[in-house]
Amino acid sequence: SPPEKEGRFSVSDLVWGKVRSHPWWPGQIFDPADASDDAVKYYKKDSFLVAYFGDQTFAWNDSSVLKPFRSCFAEMLKQSNSDAFRNAVSCALEEVSRRVAFGLSCSCTSSRDGHSKIRTQVVKNSGIREDSSRRSSGSDKSSRASHFEPAELVRYLRGLAPRSSYGADQLDLAIARAQLSAYSLFKGDRP
């Protein structure tokens with residue numbers, strides 16, 4: 001489990017954010033320097049620029065309305081069944097997968113197509129400047145090889161194997177898939 005602490009956030013963190021009457025929504029914290037002209041108009045001091053997944057909205061959020069993405073995932077997932085919410089969660093899980101796969105990839109694979117695909121995050125959000133929308137951003141601390149436990153992955157897959165993946169935790173499944181993808185890339189297979 002990643003070393004997340006409630007209320008301590010930094011640029012590039014994945015979070016759940018609350019805006020007015022909307023449910024908690026998955027997003028990512030960006031540097032205020034990445035703010036589009038539109039976002040700059042709404043700047044709020046001592047707030048984080050959060051680009052939300054799925055609907056491509058943004059907000060300047062105080063830390064009191066942010067929660068860590070991974071540790072709050074199961075709780076937040078229960079709050080809505082709307083297509084828009086499910087799409088946003090799916091987009092956030094794609095970013096988790098990209099970070100995990102990149103964190104486990106080796107620079108020796110950098111010339112291969114798969115590595116370049118996972119090295120760059122493409123952001124489509126009205127709050128982020130266009131020249132900041134392609135980011136050569138890597139993994140977060142919890143996605144790096146030093147945090148990878150191969151035995152844990154094997155245990156997880158063994159537990160999953162007798163049943164289908166239906167009902168499996170979506171976050172755990174996304175992480176396991178990314179870990180297997182990184183292994184395939186390392187072995188020279190296409191992810």
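Glycine is treated like the rest: Cβ placed from N, Cα and C.
What TrEMBL says about this one:
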type     : residues : note
COMPBIAS : 127-147  : compositional bias 'Basic and acidic residues'
DOMAIN   : 11-60    : domain 'PWWP'
REGION   : 119-147  : region 'Disordered'
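Under DSSP, the residues of the domain 'PWWP' (11-60) split into helix, strand and coil as follows: 8 helix, 19 strand, 23 coil. Mean model confidence for the domain 'PWWP' (11-60) is a pLDDT of 95.
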